[in-house]
Structure formats: C-alpha cells, structure tokens
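S.K.: Have a look at this one.
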Amino acid sequence: MGRESRHYRKRSASRGRSGSRSRSRSPSDKRSKRGDDRRSRSRDRDRRRERSRSRDKRRSRSRDRKRLRRSRSRERDRSRERRRSRSRDRRRSRSRSRGRRSRSSSPGNKSKKTENRSRSKEKTDGGESSKEKKKDKDDKEDEKEKDAGNFDQNKLEEEMRKRKERVEKWREEQRKKAMENIGELKKEIEEMKQGKKWSLEDDDDDEDDPAEAEKEGNEMEGEELDPLDAYMEEVKEEVKKFNMRSVKGGGGNEKKSGPTVTKVVTVVTTKKAVVDSDKKKGELMENDQDAMEYSSEEEEVDLQTALTGYQTKQRKLLEPVDHGKIEYEPFRKNFYVEVPELAKMSQEEVNVFRLEMEGITVKGKGCPKPIKSWVQCGISMKILNSLKKHGYEKPTPIQTQAIPAIMSGRDLIGIAKTGSGKTIAFLLPMFRHIMDQRSLEEGEGPIAVIMTPTRELALQITKECKKFSKTLGLRVVCVYGGTGISEQIAELKRGAEIIVCTPGRMIDMLAANSGRVTNLRRVTYVVLDEADRMFDMGFEPQVMRIVDNVRPDRQTVMFSATFPRAMEALARRILSKPIEVQVGGRSVVCSDVEQQVIVIEEEKKFLKLLELLGHYQESGSVIIFVDKQEHADGLLKDLMRASYPCMSLHGGIDQYDRDSIINDFKNGTCKLLVATSVAARGLDVKHLILVVNYSCPNHYEDYVHRAGRTGRAGNKGYAYTFITEDQARYAGDIIKALELSGTAVPPDLEKLWSDFKDQQKAEGKIIKKSSGFSGKGFKFDETEQALANERKKLQKAALGLQDSDDEDAAVDIDEQIESMFNSKKRVKDMAAPGTSSVPAPTAGNAEKLEIAKRLALRINAQKNLGIESQDVMQQATNAILRGGTILAPTVSAKTIAEQLAEKINAKLNYVPLEKQEEERQDGGQNESFKRYEEELEINDFPQTARWKVTSKEALQRISEYSEAAITIRGTYFPPGKEPKEGERKIYLAIESANELAVQKAKAEITRLIKEELIRLQNSYQPTNKGRYKVL
C-alpha cells in the first residue's frame, strides 16, 4: 500500500499534494495507479529519446555548418564527442545515485501517514530539482555547442563586415571621381557651346524631351536594383540634371554632348519603346538561345528600336545641312589674270588655236581663252620648277583650256580621252586655291576633296599630287577601303589640306568617332574624277551626301573620258553655271594605239594569245582583259602552265595584294597581268605595249578605256580584241570605236554585224545599242524605281544596302515578304462528321444503288465511252482473267483535256463552277462547315529565316497562339532551279475552321521572318565568293 502510493505520488506531483486522496484509494485504484505509473515512465523515456534525438540533430547541423563554412579538423570533432559522452555518463550515474540515496534515506520511526506524506513530498521536490538541474546542464551544453558552431559564423560575419567597409570606401571614391567628371563635363559642354555654330549636326538633330526623360526615370525608380546599380543610376541622374540646366541656359537648338548623356538618353528611349507596347493578348514567349550571353538589360531592348538607333548613328553626319544657319569664311576663287599675249588674240585666232589643239569645243558663257605655256596660267615658281623636274614641257589640249577656266573660279565639266593629262588639269588650280587660304588649325578638315571610283585611281592621283605638295608644304591623305581604318584616322587627325578618297570610305571617316576625325566645313574645292563611272558604279547616294554637306558656294570640277548624256544631266545638279570643255570628240581611242579585231572561235583564243605574247612580250608589258574573276583565275593557271609568269588583278583580291601587284607591274617586276575592268580606269603603266581583250567588251566606253591603257604619253601601243560569233551583239560598239578613231574595220567583223542585224530583223526584234553601265545602284526617276526587281529590293533591305533616302524601309520589307509568300487562299465546305454506326440495308439503300448506277452510265455517256464501256482497271482485269495481254488503255481526248484542266486549275487555285454546284448540292443534304486554308511559300527566303519558322518549337508556339494547324510541305529548290511538274517549292500550309486563326498564324510567321531579316541586316558580314578575302 505504501509502495504503491509512493510511486503514485512520485510520478504525479499534483496529486501528491492532497494526502486525503491517497489514503482513500481502493485496490482497484492502486492497480490503475500502477498502470499510470508505467505509462508515465514510458513517456519520460520517450521524452529523453526525443531530447537526445534533437540534440543529435543540432550536433549534425553544427557539423554540417562547420564543414561548409570553415571545415574544422576532425580531431576536434572527436574530442568534443568524447567530452559530451563522458558528461552524459556522469549525468546518468549522478541521477542513479541520487535516486538510490532518496529511496534509502526514509526514517522508520514515523507513522505511515507522515512517512508517506513526507517521502512523497521529498521525492516530488527532489524530482523537480533534479529535472531543473538537468535542464540547466542541458541548456549549458547546448549553449556551448552553439558557441562552438557559431564561432565560424561570427568569423564569416566579421569578414563580410570588412568587405562591406571596403565596398563603401570604394563607392565613396567613385562618387568623388564622378563629381570631378561632372566638372570636366561642364567644361566640355561650354566648349561645345562656343564652337556650336560650326557643327553640321545641330540643324538635323531633334532635342530630347526633358519631361519624357524625367517620367521614364521615375518608372525606373520602382524597380529593385543592386546597390551598385542604384549608385550608378544616381550618378546618371546628377549628370542628366546638370545637362538639363546647361541646355536650358544655352538655347533651344543645342545638342546634348558627352558619352554619359548619350547613354542615358538611349536607355530612356529604349525603356519607352518597351513600356508603350500594348499587347491585348498574352505575350508569346520564345526560347532565348543566347540567354547566357546577354544580360536582362539587353533583353529589354526592342530590335526595331536598336536597328533604328544604329542606322541613325551611322548616318548622323550624312543628313542634309541647312547652310543658311552656318557662317562660312569668305574665300577667293578667281585667280586668273589674262596675260597681254592672250588678250591680243581675236576670237577667230582663238577658234583656230582650239581647232589645232585636237578640236577643243567649249560650251558656256565667259570661258577664258586657252593658254599656250605654263607661265601663262598664273602658278608659282615652285610649281613651275616641279613641272620642269618631272618632264611636263607644255600643256596638253585639255590642260590649255581647263586650267584657265578653273583658275577663273568657274565650275567645269572636262571631257577628254584617257592619257590626256586630266589629273594635272585639276591639280594645278587646286594648289593655287589652297595656298590663297589660311593654314589649317587643329580640328579643322581639308580644303580640297578629290573623289574617285576605284582605289587604284585614288592611289595614282595621290602619288601625282605628292610630286608638288612636298615643295608647297601641303599634306595629302589617301582615304580608301580595304585597308585598316586606324592609320587613315591618325593621318586625318594630324590634319591634311587635300583628301583623295573613294566615296564609301570617306563617309565612314565623316561618321567615325562622332564626326571628330574630320569634317567638311573648310572644303571649298571638290573634284569628281571619272565622274560618270562613279555614278554608274552606284556611288550616287554617297557622292551626293558628301557634296550636299559642302558649302553651296564651293567650286566643283568633274572630269572623265566618257560622259553620257544621262550622266551629264545628273552632274548639272551639283554644278553652278558650268563650262563644258571637250577635247577630241566624245570617247575616242588615242591615235597612237593600233587596233586589231579578230573574229575567232572560243577554242582557238588561247593559242592566238600565246602567239601574240611570243611576238610582243619582249618589247614591254602586256595586260589581258577578261570579263569575270573566275575567268581571270582560270586564264592565270593556263598561262602559268605555259611557262608565262603572270599575276591576276580583280575585285576579289585583298587590297594589300592589289597594291603590291600594281606596283610590281608598274616597276616591271612582272610584265604580264590578267585583269578585269577594275584595272581599266586610270591605270598608267609605262612601257605597256600590248592590250588584249580576251573577253570582248560589252559596251563602247569599256572598250575605249581598255584600249586607252596603252599608247600613253606619245608612245606606240597595240590593242587586240577577240570576238566570237556568240558575241555578235557587241560588234556594233567595236565598229563604232574603230570608225571614230579612224581605223579600218575588218571585213569579217562587218559581216558578223550585218548577219546579226539580219537575224534580229527576221525575228522582229529591235537592236538596242548598249550604253555601258546603266546606273545600277541609283534611281534616275520614279518610273525606274517602281519597276525595280522585287527580290533584289528585298535582298538590299535585308543586307543593309538600301539608300539613306529610303524612309519606308520597314514598310518595304513587309511588302516584299508578302510578295515572296506568293500566298494561295482556299475556302472549302467540309461535311460535318457523322456517327460511325452503319444502318442496316433497307429498301431506300437499294434505290440509292440504282440511282448510283444510272449516274455512272450517264457519266460514261458524257465521256463518249458508251454505256457498256469500262474504265482502265476493269479492262486490264478482264484481259488478265481471259488470259490475254494487257493492251494500251483507250483514253479519249476529252479525258486528257480534263486532266490538263485540273492541273491548270490546281496551279491557279481555281475551282470550276460545276464542282462548286456539286459541293453545294452535297452540302445541302448534310450539315457542313467552312475550312480556311492558306499556303505561304518560304523557299526563297534566307536559310536562317526558313529555319526560324520551320523549327518544331516555333510551329508549336504559333499553333498554340493562333489555334491553327501548320504543316511544312514541298521541297527546297536553290535559286535559279525551277521545280518539275508535280513538285512544289517548300511552303507552309495553314488550316483552320476560323479565318481569324489563319490570319493570326500568318501574321506571326511574317513577324518572325521580318525579325530575322532585320537581324541579318544589322549583323551582315560580306562573304567572298572568290578565292580571295575581301576587306
């Protein structure tokens, strides 16, 4: 009784407080107490297990932390575990001994009632105190473990604090530097304000809206930013506010400058484009293949906005300038003073003298009289000594009339044959023009600009110019493509009075480094050499941009050996009251050139060439002209096999190789050159005795320039032209060249031309003479622009070759894509799907079978096959069953005609009326729905664009977006290859029961293709088709 009550009181402290309860318990209560006692012990054991498990979990966590953060040594872990196990054992032994002592220390002389009460009280108090001690010890152990585990964390936090201090220190330094930069930026802006009246950009650049920028800046504040990004944004805001104050104080038309300001404006513009886009449906997400290469900020940039910004940046300096708002320095153009000897000449004497000088003809009022010697043109002694030194004894016919006309300040159109000295005719007045003006200051551009169509001609003019510029103290820079731009930029920054350039590279120089490399503000003298060739090669937009940026009261001079009427009309747009000087007729081969034309077969041309080389190569250098780069390389191999050392020159060769080849040919290191017409213009080679037109020239002007490479400066030369019977259409131009130069026309050439004319007349065709280069690359009028080839326009738009004047490039791309789709639309009435249950045959079905038989008989009667006739399969089956042979099936002409008509209808997407009536009757009996189909041909788009829209992911996205079915059909055919009958080029078939779904799918496909074309336009790199790399 006492033991039971003792245990009961020990495990239940709340009940032990009442002694009366324990005394009034029955035996059944005691039994229940025993069970409760056991349950309470098991609960204590469970609690201890859970505590030990939680302790183990904490230990494992601390060990993991230690391993990850500092990787503590394993010995410490083991020692710590040993210490913990010892303390745990000590705690267990203490608790056992304490329990024994408490049980053995009860007094025996007291009554049971007092004994029970006191023992239960002691045990209860002792149990509570031991529990509290255990709890305190456990807490201390846990704190020790936490301290040991957090030691590494404290160290890490200390490191993080130090790093933050370093970052804050760095930010403070950056903030100080930024404030210093703002001060420097203020100085630069003030300097830009002072020199603002000389800027060519101000009149065209629109000022950014400050309110709009402020609004976009507020939108950016709401985004979560990295602290460093937030600091950079604060710096940008400070710069922007400072710039706004400077703009408000400086006037309305002033432009923002400084790289930081430009960056901020660009960011604001891009953000605006993203914010303004309004999408009514969910945005179509695409897999970003370049996600690892670009940041999230770059992904926000709209493609069209970026492209527009890039193109605007490139064309910034090429926009037309309002010259009325720019104050130009006055300059002098008229330097010519007529000497008394020329003043005494009468008009009749002048006409006689002009006639003696190879028939000079002059158009235009106020043209001065021609000079007879160098001293009469008013040049300095330094130039006269240089002329004497380099062997210029007296002026040539073009020089006698052109030099006084240019010296008097007039614009000039000079037309003279090749080798007549046109270069000196515009160089001497140019030197006098430059020497009259003040010297260049730092940052100023050239005074004279000479533009040429080819790099070789530019180098040749530069070489000729340097003969005089050294003695005059002038600087000449040759600017041309194909070489490194950095060296040319360095030369231009040092300053140059004369620039000899090709138009494309000159525009690059004007746009480079925001226009700080060079400018056209000081230009007062412009020369266009080989002007017609320059316009013909497609340089018209570039030439006009450069000329339009030069002050309008400039002096402009144009020279060429050929000047077609169409080119002449175009040239007058940029000339002011010009004088036209023509020497020796228009485009005549020099009389010192002996011309021979040989009508020959293609197979015998090479043998004839070897014969000519064996006869003439000992006497001097030889040029062989061909029409294509491939032919030049092929002929080079054949000549090398025949043991003739030679070189080839064409547009596919690297510029450095071209320079070295021309130098070797001029120096006589290599005496045989195979070239295309790229070498025909302005190439002056001494000791050149023979020109062979291995491929016949396709127009008159090309023939004149090829033949003009020899017979220069009074030397004798020979020109041989090979022409085959297939090239009879070119014979007329060659006959014309021979007649105008006073050379007898070979009889076989005349016979070839007359036969060709008779053949064309018999075929009812009109013979049109080729005018040579027909101005590819620029537009003469509106009609020509409207009739341009659609596919070429798309290629130009995709590759970034469209003119800067085209403002509707984006609209053109959409139109070109639509035209290339060659879309075919169809609307079909489809029967509604019925149930699959097959009804049992009834009397009605039998009647329908009879109707079908009667219809079949009627169809056979319509096809004139007779009532009992059978189709082809039935005829073949009956023949085999009877053991006979299969005869050729009899098909009527009407059947063949119907089959052909079906093919034509399928191509034209045409449905006959009879078929429509039958479908309508069938549709009236059954429920039907319309099915919309459209086919988009994608065969002729670039490969990457086709891949973009035919990938599995893209088709799936478009189908989900538009709810239309899209399938790829047909076969890819390369350009120039047409599909056979029954085959089709690759196309996308769009099908849906909803017309809107088809339209949405088509619009999405168009968008993908347009984006790809614009991407190609922005990242286009030219691919070389020849053996050589093109720079």
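Note: Cβ is positioned from N, Cα and C throughout, glycine not excepted.
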S.K.: Look up Lys263, Lys271, Lys796, Lys985 in Swiss-Prot and give me whichever carries the note N6-acetyllysine.
M.R.: Lys263
S.K.: Which of the listed positions, Lys196, Lys279, Lys769, Lys776, does Swiss-Prot note as N6-acetyllysine?
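M.R.: Record lookup in Swiss-Prot returns N6-acetyllysine for Lys776.
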S.K.: Based on what Swiss-Prot says, identify which of Ser295, Ser439, Ser770, Ser823 is the phosphoserine one.
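M.R.: When Swiss-Prot is consulted, phosphoserine appears for Ser295.
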S.K.: Of Ser246, Ser469, Ser804, Ser836, which does Swiss-Prot mark as phosphoserine?
M.R.: Ser804
S.K.: Based on the annotations in Swiss-Prot, which residue of Lys736, Lys848, Lys853, Lys907 is described as SUMO2 cross-link?
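M.R.: Matching Lys736, Lys848, Lys853, Lys907 against Swiss-Prot annotations yields Lys907.
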S.K.: From the list Lys186, Lys241, Lys765, pick out the residue that Swiss-Prot labels SUMO2 cross-link.
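M.R.: Swiss-Prot annotates SUMO2 cross-link at Lys186; the rest carry no such entry.
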S.K.: According to Swiss-Prot, which stretch among 309-312, 529-532, 681-684, 937-940 corresponds to the feature motif 'DEAD box'?
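M.R.: In Swiss-Prot, residues 529-532 carry the label motif 'DEAD box'.
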S.K.: Could you give me the DSSP helix, strand and coil counts for the motif 'Q motif' (372-400)?
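M.R.: Summed over the motif 'Q motif' (372-400), the classes give 17 helix, 0 strand, 12 coil.
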S.K.: Any idea which of the recorded sites Lys186, Lys325 has the thinnest Cβ neighbourhood at 10 Å?
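M.R.: Across Lys186, Lys325, these recorded sites, the one with fewest Cβ atoms within 10 Å is Lys325.
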S.K.: Taking helix as H, G and I and strand as E and B in DSSP, count the residues of the motif 'DEAD box' (529-532) in helix, strand and coil.
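M.R.: Grouping H, G, I as helix and E, B as strand yields 2 helix, 1 strand, 1 coil.
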S.K.: Quick one: give me the count of other CB atoms within 10 A of the CB of Ser346 (phosphoserine).
M.R.: 8
S.K.: Could you round the CA separation between Ser346 (phosphoserine) and Lys186 (SUMO2 cross-link) to a whole angstrom and send it over?
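M.R.: Given the Cα positions, Ser346 (phosphoserine) is 67 Å from Lys186 (SUMO2 cross-link).
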S.K.: What three-state class does DSSP give Lys186 (SUMO2 cross-link)?
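M.R.: SS state of Lys186 (SUMO2 cross-link) = helix.
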S.K.: To what whole number does the mean pLDDT across the motif 'DEAD box' (529-532) round?
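M.R.: A mean pLDDT of 83 is what the predicted model shows over the motif 'DEAD box' (529-532).
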S.K.: What three-state class does DSSP give Lys325 (SUMO2 cross-link)?
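M.R.: Once the DSSP labels are grouped into three classes, Lys325 (SUMO2 cross-link) ends up as helix.
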